[in-house]
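Over in TrEMBL, the protein carries these features:
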type	residues	note
DOMAIN	113-238	domain 'Palmitoyltransferase DHHC'
REGION	87-107	region 'Disordered'
TRANSMEM	12-32	transmembrane segment
TRANSMEM	52-72	transmembrane segment
TRANSMEM	160-186	transmembrane segment
TRANSMEM	198-220	transmembrane segment
Amino acid sequence: MAWNVFKFCTALRGLGSIMILLVLGVVGVSYYAVVITNYGPALAAGGLDSLIAFVVLVLFHFLLVMLLWSYFSVVFTDPGAVPPNWRPAVDEESGDNDPLTASEFPSDQENGRVRFCRKCNQLKPPRCHHCSVCGRCVLKMDHHCVWVVNCVGALNYKNFLLFLFYTFLETSLVTLSLLPHFIAFFSDGDIPGTPGTLATTFLAFVLNLAFALSVMGFLIMHISLVAANTTTIEAYEKKSTPKWRYDLGRKRNFEQVFGMDRKYWFVPGYSEEDLRRMPALHGLEYPSKPDLGAQEF
């Protein structure tokens with residue numbers, strides 16, 4: 001029997017807010033090593049060292065603000081719940097009336113377009129999946145992330161991608177800025193600082209290097225998912241499907257996640273204009289290829 005990787009998240013239910021504290025702990029160690037121990041004091045050194053320290057500190061604080069903004073936007077933003085008594089729209093042109101009761105949905109596979117969740121006892125919009133950790137259906141669910149103690153779905157997926165993006169940039173910056181100090185640990189000369197500050201610098205370098213490498217892998221994976229307009233769950237479920245009905249081209253696929261207003265691409269949230277003209281941002285309706293209209297997951 002094939003192992004379902006998505007069931008692994010249920011074993012991590014008990015971690016809860018501990019993961020948030022862990023993230024803040026890594027941020028605190030990094031801040032102490034970069035700002036308090038190394039580059040803050042270097043501002044008073046004068047010359048090129050002061051200039052380098054100034055640039056590092058400006059970039060560090062900017063990326064830190066964007067990282068925390070994106071992170072807590074994922075944590076506190078509802079990923080997307082199915083509206084009460086939601087029903088699919090009636091196709092007036094073809095004259096099809098979508099069923100309105102659960103009794104007309106014996107199983108998910110018997111209808112190509114509309115599915116029914118037996119656990120929530122409600123109809124499921126397109127691309128919606130039930131999360132066993134949250135105990136409810138989530139619009140365009142990607143996965144349940146223990147690092148944000150929340151599901152990642154239609155309404156916070158952009159925030160999650162920005163969190164990965166700024167985490168990669170921040171951890172890479174910390175790794176590069178602490179690299180000379182890390183190399184100094186293996187030199188024969190004396191290293192300035194107390195045992196506590198040296199240990200913090202060493203720990204911050206190792207942690208940020210590990211996070212930078214791991215987050216880079218996740219970021220590359222999710223960039224490929226956005227380019228194909230699919231989610232982690234959909235990619236797992238449609239391995240045998242050669243064509244994907246929601247793949248409208250890389251530009252339109254990107255806009256369905258980040259919006260059309262470029263001023264909002266790198267910040268959590270969308271412009272009012274995008275929210276008004278792009279139903280996909282609300283998680284209930286998605287444009288698709290007409291020749292693949294019967295395909296559904």
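For all residues, glycine too, the Cβ spot is worked out from N, Cα and C.
Note: the domain 'Palmitoyltransferase DHHC' (113-238) comprises 67 helix, 18 strand, 41 coil (DSSP; helix = H, G, I, strand = E, B). If one looks beyond the transmembrane segment (52-72) by at least 6 residues along the same chain, the residues whose Cβ comes under 8 Å of a Cβ in the stretch are 23, 27, 31, 34-35, 39-40, 42-43, 45, 148, 159-160, 162-163, 165-167, 169-170, 173-174, 177, 266-268. The average pLDDT the prediction assigns to the domain 'Palmitoyltransferase DHHC' (113-238) is 92.
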